[in-house]
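Colleague: Handing you a structure now.
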Amino acid sequence: MSAPVQCPIHPDVHLIEDHRAGDLVCPACGLVVGDRLVDVGTEWRSFSNERSGNDPSRVGAPENPLLSGGDLSTTIAVGFGGSDSDNSLANAQRKSMNNTDRQMTAAMSLIREMSERIHLPRNIQDSASRIFKDVLESKALRGKNNEAQAAACLYIACRKDGVPRTFKEICAVSRVSKKEIGRCFKIIVRSLETNLEQITSADFMSRFCGNLSLPNSIQAAATRIAKCAVDMDLVAGRTPISIAAAAIYMASQASAEKRSAKEIGDVAGAAEITVRQTYKLLYPKALELFPKDFRFVTPIDALPNS
């Protein structure tokens, strides 16, 4: 019976699958532990009659500018029961491996894994990896948890690319606390002097309404309700997420597509009581908040007051 695949240095750490490189990577130290996912497809091709000016022949993966060597280097890992010479070779190579590259490789795998879980596109992953590279070079987060750093970089990349995710969403696909991610986020923004656009409730409307299977008419009404509430200074001190959730609750309750405060809170990552408390701030001005052309199924005076 074969021994389980695990990092010889951190045997209790859950390994990350790097599908593109075909590797199993230890997120704690960046060690490539196994290669069970290698793509068996053709690695290169060449046709003499192709008209393209570029030579299509290529062996190996393209260079990665985020690594000092330009590409991922192979690290020898030895399972339990390996010979003394194997262990000596692995230890020598691990010691000689660039520490920055080791951290970078592990971080890119973490970022890719988290991104895939919440269906973020490749450009967001690349942006987060570049931010992580800048953080490494700045040494601002030296000694901080590698996964917390990667999660914070992913959060910032989402903000910068106009597809913001909440701290709770990022926390849910990582193995670190929201508090740790938040600390790293603050340090990164300060040290890199990163300018981030202010988040508004409108940034979340499309995704929240889509996840609730609400029609465009409800999304449009909720967007207007939230914007007017902010303009009228009804929701001072409330987060864009809770404002969006409360506006969706109000718009849906006035329509045939009703959704409960709990349903909306679950999608938005807000507590039901938070949705209701924010809604109570909107309710007295409901007549002014709704679009003029909104088709009420439930009139304003019949809406829940909390």
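Each residue's number is its place along the chain shown, starting with 1.
Note that Cβ sites are derived from N, Cα and C of the backbone, with glycine treated the same way.
What Swiss-Prot records for this protein is below:
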- Cys7, His10, Cys26, Cys29: Zn(2+) binding site (BINDING)
- 47-66: region 'Disordered' (REGION)
- 114-190: repeat '1' (REPEAT)
- 208-284: repeat '2' (REPEAT)
- 3-34: zinc finger (ZN_FING)
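Are these features on the surface or tucked inside, and what are their neighbours?
Modeller: His10 (Zn(2+) binding site) falls within neither a helix nor a strand when secondary structure is assigned with DSSP, and so counts as coil.
The DSSP breakdown of the repeat '2' (208-284), given as helix, strand and coil counts, is 55 helix, 0 strand, 22 coil.
The average pLDDT computed for the zinc finger (3-34) is 68.
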Colleague: How does the repeat '1' (114-190) divide up by DSSP, counting helix, then strand, then coil residues?
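Modeller: Counting residues by DSSP class gives 55 helix, 0 strand, 22 coil.
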Colleague: Judged by the number of other CB atoms within 10 angstroms, which among Cys7, Cys26 is the least packed of the binding-site residues?
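Modeller: Taking Cys7, Cys26 as the binding-site residues, the minimal 10 Å Cβ count falls on Cys7.
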Colleague: Around His10 (Zn(2+) binding site), how many other CB atoms lie within 10 A of its CB?
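Modeller: I count 15 other Cβ atoms within 10 Å of it.
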